[in-house]
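These notes are about the structure you will find just below.
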Amino acid sequence: MENKKIFLIFGNPVSHSKSPLMHNYFFKKENINACYGRYLLTNGNEIISKFKELKINGANVTVPHKEWAYKEADEVRGIAKKIGAVNTLVNENGKIIGYNTDAEGFLEVIKEFNYKKVLIIGAGGTAKALSFVLPKANILNRSEERLKDFQEKVTFTWNNINNFDYDLIINTTSAGLNDDNLPAPAIILEKLFKKARYAVDVIYGKETPFLKLAKKYNLITKSGIDMLVYQGVMAMEYFLGKKLNRKKVAEIYFEILKG
């Protein structure tokens, strides 16, 4: 019998992550000799040394370590190279290879939406991934500093935003994950929601203050559960080193998450 494969998710915080639930359910249903856990990682620059120390086969990476994973991986492949953020790490013959499945996973989430103008709130690794697949999106962030990574984009801070006309508003920050904070001042969000049609939060597992406010303005909303599933399906292909029936795997994930 082949050795059990071990996977986990690195993050801070990480206790909320549903990745172990869905991946372990998939392993059980498909009779795959593998398990998936969580690892609270405080210092992102230790991600690869910790990966090797734990002797794992692969890992997902969540906030705030996606940019560290990009910097520290032995090699980065695919669109992760252009994005500058990695959310999936795989041990391939002793080399730790970085990939990004956030971008493609997110496109699955919004494929039924009819939108033209997009605003992304936040300027971290997830925002980088989404701005890559939504090239015309504008970026809103609290501070100017992080916006240096988006020089080809139209960017705003809370203090200078002057365009409130968008169809789709996306929160990529952790505001609302462990608190009741909004990702931007309510006065800004209310102006945006008055004109918008859709609001998506990458946070899952709860209705965030961002989505609650969007619903008050009758927007169509989606939480991060769909993105979690679709990026997870693509990550599993990298973990197992083969193409999967994505629709079938997604159904297995939704089955346990919505069970």
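Heads up, the Cβ atoms here are built off N, Cα and C, so glycines get one too.
Just so you know, TrEMBL annotations never went through curation; they're auto-generated.
Pulled from TrEMBL:
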DOMAIN    9-89  domain 'Shikimate dehydrogenase substrate binding N-terminal'
BINDING   Ser17, Lys18, Ser19, Thr62, Asn87, Asp102, Tyr204, Gln231  shikimate binding site
ACT_SITE  Lys66  active site, proton acceptor
BINDING   Val202, Gly224  NADP(+) binding site
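Mapped onto this structure are the features recorded in TrEMBL.
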{"residue": "Ser17", "record": "shikimate binding site", "contacts (Cβ under 8 Å, 6+ apart)": "Ile9, Gly11, Arg38, Thr62"}
{"residue": "Lys18", "record": "shikimate binding site", "contacts (Cβ under 8 Å, 6+ apart)": "Tyr204, Gly205, Ile225, Leu228, Leu257"}
{"residue": "Ser19", "record": "shikimate binding site", "contacts (Cβ under 8 Å, 6+ apart)": "Ile9, Tyr36, Arg38, Asn60, Leu228, Gly232"}
{"residue": "Lys66", "record": "active site, proton acceptor", "contacts (Cβ under 8 Å, 6+ apart)": "Ala85, Val86, Asn87, Asp102, Gly124, Gly125, Thr126, Ala129"}
{"residue": "Val202", "record": "NADP(+) binding site", "contacts (Cβ under 8 Å, 6+ apart)": "Phe106, Thr126, Ile170, Asn171, Thr172, Gly224, Met227"}
{"residue": "Gln231", "record": "shikimate binding site", "contacts (Cβ under 8 Å, 6+ apart)": "Asn87, Thr101, Asp102, Glu104, Gly105, Phe106"}
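The residues near the shikimate site, meaning same-chain residues not in Ser17, Lys18, Ser19, Thr62, Asn87, Asp102, Tyr204, Gln231 whose C-beta sits within 8 angstroms of the mean position of the site's C-beta atoms, are Ile9, Asn60, Gly224, Met227, Leu228, Gly232, in sequence order.
Other Cβ atoms within 10 Å of the Cβ of Tyr204 (shikimate binding site) number 19 in total over all chains. Within the set of binding-site residues (Thr62, Asn87), the lowest number of other Cβ atoms found within 10 Å of a Cβ is recorded at Thr62.
Secondary structure of the domain 'Shikimate dehydrogenase substrate binding N-terminal' (9-89) per DSSP, as helix, strand and coil residue counts: 33 helix, 18 strand, 30 coil. Around Asp102 (shikimate binding site), a 10 Å sphere centred on its CB holds 33 further CB atoms from the protein chains shown.
Of all residue pairs in Ser17, Lys18, Ser19, Thr62, Asn87, Asp102, Tyr204, Gln231, the annotated binders of shikimate, the farthest apart have Cα atoms separated by 17 Å.
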